[in-house]
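Undergrad: Here it is, the structure in full.
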Amino acid sequence: MTSLTRLTFATAFAAGTILSGAALAQDDSVLVGQLADYTGPTSFVGKQYGPGVSDAFKQINADGGIDGTMVELDTVDYAYKVPEAIAQFKKWVGNDMVALQGWGTADTEALISFVARAEIPTVSASYSAHLTDPTGKNPTTKSPAPFNFFYGPSYSDACRALVQWAADDAKEKGIEKPTFVHTGDNHPYPNAPKEACGSYAEELGFNVAPPVVVPLAPGDFKAQCLTIKDTGANYVYMGNLGGSVVSLIKSCNTVGVDATYMGNPWAGDYQTVEAAEAQNLIFPSSTPFYGADVPGMELVKKIAENGGGQVGDRPTHHYIRGICSAYYMKEAMEWAKANGGIEGKNIRDGMYQKADWVPEGLEGVCSPSNWTTEDHRGLLKVTINSGTFKDGEAVIEKIAEIDVPRRDEWLGQ
Amino acid sequence: MAHVPNPRPTGDFRVSYAADRTLFKTKNETYFVIGGILLVALAPLFFGGYVLSQLILIGIYAIAALGLNVLTGMTGQISLGHGAFFGFGAFASAWIAGNGIPVMLAIPLAGMMTMAVGMIFGIPAARLKGLYLAIATLASQYILQDFFARADWFTGGTYGSLAETASFFGYALDSDASYLYLVLFWVIVSFVGVANLARTRDGRALVAVRDHYLSAEIMGINLTKYRILSFGISSFFAGIGGALYGHYLGFVSAEGFTILLSIEFLAMIIIGGLGSVSGSLLGAAFILLLPQAMEIFANAVATVVPAIAQGTAYIKQMSVGAAIILFLVLEPEGLVHRWRMMRASWKLYPFSH
């Protein structure tokens, strides 16, 4: 046993030396870190979005990289743990990372000041509106996020669009004063749109019930559903995703809640609709679905075919959003290379160069986006879908397209 | 603990009180410890970020494990809330430093605050023993965890809070190499402190409470006082460890301080050696390095047998569990006992003991 223990220590240290000694950055390549959740509480969609990003970079490298410079993507499964994300970030910075593909809200928000200090532009899969005010122009912004970007409407804006849709829907159904309730874990990700969306619902004449805490880990949520039933909610916003959403819908059906469920950008896809056997699950999207008839779908299909094959032959729209995140970063890096070299600040400035920006080859897939030095709300157009489980499969149809107004007081909220 | 022969050579008698009071049993032991400290102090010259960060984390966890060892190893009380006290120290230090007090002062202050909290949660220990105490301390874990998520003013709520970088007379300790010295300083202070504690009246009283609480009480030891004191000391070191951890990462978030961490601390002292000061350090190093060693092992197996490449993560997790079980079966008294046996057999060669 002793010799085994000694051997263990020796191997650990030897490996450590090798790891630290190996210089990762080569002349013709740049390091991009990717935080992914493949085993944590958000892995349900993490296993879709993460491969979207890594497959896209694989394709980018196959197509010649950033005008000849290869992207060395280091994907790390941090299991949705903030301390791990921070430790990993520090390690990457020590290895001269130039940009970061982030994941969750808790870690991306925790890293705001770190990425700003190290000048590492971050494209995250967290759509928290707290990441959209780069200069602190809005006095209510807690901390400005000058190096944070994401592709798609923020959680708050997506929820505002849903509420706007719900107001019309209620009018159509003849509900005089509909009730809106926010559900989700007490965690930065579900909490992000809580206040913003609630106050907009109030503005539109909803009766806003107190938020109900529903854990992010799936479970039996009948107690929460009874609370939701007591509020008389007509529209239930779900801030969680995956198994938790499935559990909530099933538990609430058992309890007999009669409401329309609306999810955030991660809470709805064909897999969730099928697992929950949901009827009329409302969810936003910012790309068309896999196989849609748009010119850019060809590249998406090519990426999926040449990719690591983790998503099977029918990826969800989360995978496609991952591709968009990667390609916006790629084009910003191209601009950086032509304007002083591929490094943090230049890549960030590269994000500001184009108006109504669609990455080349992804026409019709990624919606035209605008990032400016004072406003990181890239996309305000929200597509709203309804998913219904019919005859053993999910039928998803687009029911509305809403342009959320670019109000100054909503910046960073 | 099984009998281990005294490592001092024959004829080396202690003839004065001063000789009897030395911290280390033999001269070689003294050289060994000083050499070890020098080696760590020189590590930044030879090693890169990875080894340094491992050394820092081992130091931080060792301080916290040492605290738990005072409570569990020396006093015989169990605590399932040590991880939460560790977290409290981290938040407290971030909060104190955020209010304009230098980090160097915030760390010991956070230790004091955690000590106070630990003593409050230690009160049930005056009445409860064994499994009942375990459950009572489990409550402290959950109460503190909920407090972290809700006390926005103190912890930043679910978002967590930024912990400022430590600086030493204007020199920012923002690299692993410089932070290592701060951790090393606290490791030395803590370990010398506890090694000495064991030799004081209070320290012996703690051991008496562990060995037979009834006899201890009959001998005039105030059980309530010493049990609560033991919780206080243990939480103090948890707080120091947590504070160092918070300022090292630069950000403190509630999700890191769950029951799992508490159990990891227990595993550290059981594997290192209950009641042993140096065992806390060995145990912390073992628990921290084992998963990484197993990852290397799993990856090595995967290169030989490519069929299992998809399952390396599982193999890693399972081998960590298997290694711990094997360890407990083969060496139930901890790493420190194994080390003593090795030393004894070397000293007494060719005579067996």
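A Cβ is built for glycine as well, from the same backbone N, Cα and C atoms used for every other residue.
Per TrEMBL, the features are:
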- B:30-47: transmembrane segment (TRANSMEM)
- B:53-71: transmembrane segment (TRANSMEM)
- B:78-97: transmembrane segment (TRANSMEM)
- B:103-123: transmembrane segment (TRANSMEM)
- B:130-149: transmembrane segment (TRANSMEM)
- B:179-198: transmembrane segment (TRANSMEM)
- B:228-245: transmembrane segment (TRANSMEM)
- B:265-289: transmembrane segment (TRANSMEM)
- B:296-315: transmembrane segment (TRANSMEM)
- B:321-339: transmembrane segment (TRANSMEM)
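Please situate the listed features within the shown structure.
TA: Within its own chain, the transmembrane segment (B:30-47) is flanked in space by residues 22-24, 55, 176-177, 180-181, 184, 188, which lie at least six positions past its ends and keep a Cβ under 8 Å from the stretch.
Listed by sequence, the residues of this chain that lie at least six past the ends of the transmembrane segment (B:53-71) yet keep a Cβ under 8 A from its Cβ atoms are 40, 43, 77-79, 82, 86, 176, 179-180, 183-184, 186-187, 190-191, 194, 197, 206, 230-231, 233-238, 240-242, 244-245, 248, 265-266, 268-269, 272, 274-277, 279-281, 283-285, 287-289, 292.
Non-local neighbours of the transmembrane segment (B:78-97) in the same chain are 64, 67-68, 71-72, 103, 105-107, 109-111, 113-114, 117-118, 121, 130, 133-135, 137-141, 144-145, 148, 154-155, 161-164, 231, 234-235, 238-243, 245-247, 252, 254, 256-266; each lies 6+ residues outside the stretch with a CB under 8 Å from one of its CB atoms.
Here the transmembrane segment (B:130-149) has Cβ contacts under 8 Å with residues 77-81, 83-85, 87-88, 91, 117, 121, 124, 155, 157-158, 254, 257-259, 262 of the same chain, all six or more residues outside its ends.
With a cut-off of 8 Å between Cβ atoms, the residues of this chain six or more beyond the transmembrane segment (B:179-198) that come close are 23, 37, 40-41, 43-44, 52, 55-56, 59-60, 62-63, 66-67, 69-70, 74, 107, 166, 168, 173, 204, 207, 233, 237, 240, 244, 247-248, 277-278, 280-281.
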Undergrad: Is the count of Cβ pairs under 8 Å between the transmembrane segment (B:228-245) and the transmembrane segment (B:103-123), pairs 6 or more apart in sequence, 3 or more?
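TA: The transmembrane segment (B:103-123) and the transmembrane segment (B:228-245): touching, yes.
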Undergrad: So, do the transmembrane segment (B:321-339) and the transmembrane segment (B:265-289) meet, by the test of 3 or more Cβ pairs under 8 Å (sequence gap 6 or more)?
TA: yes
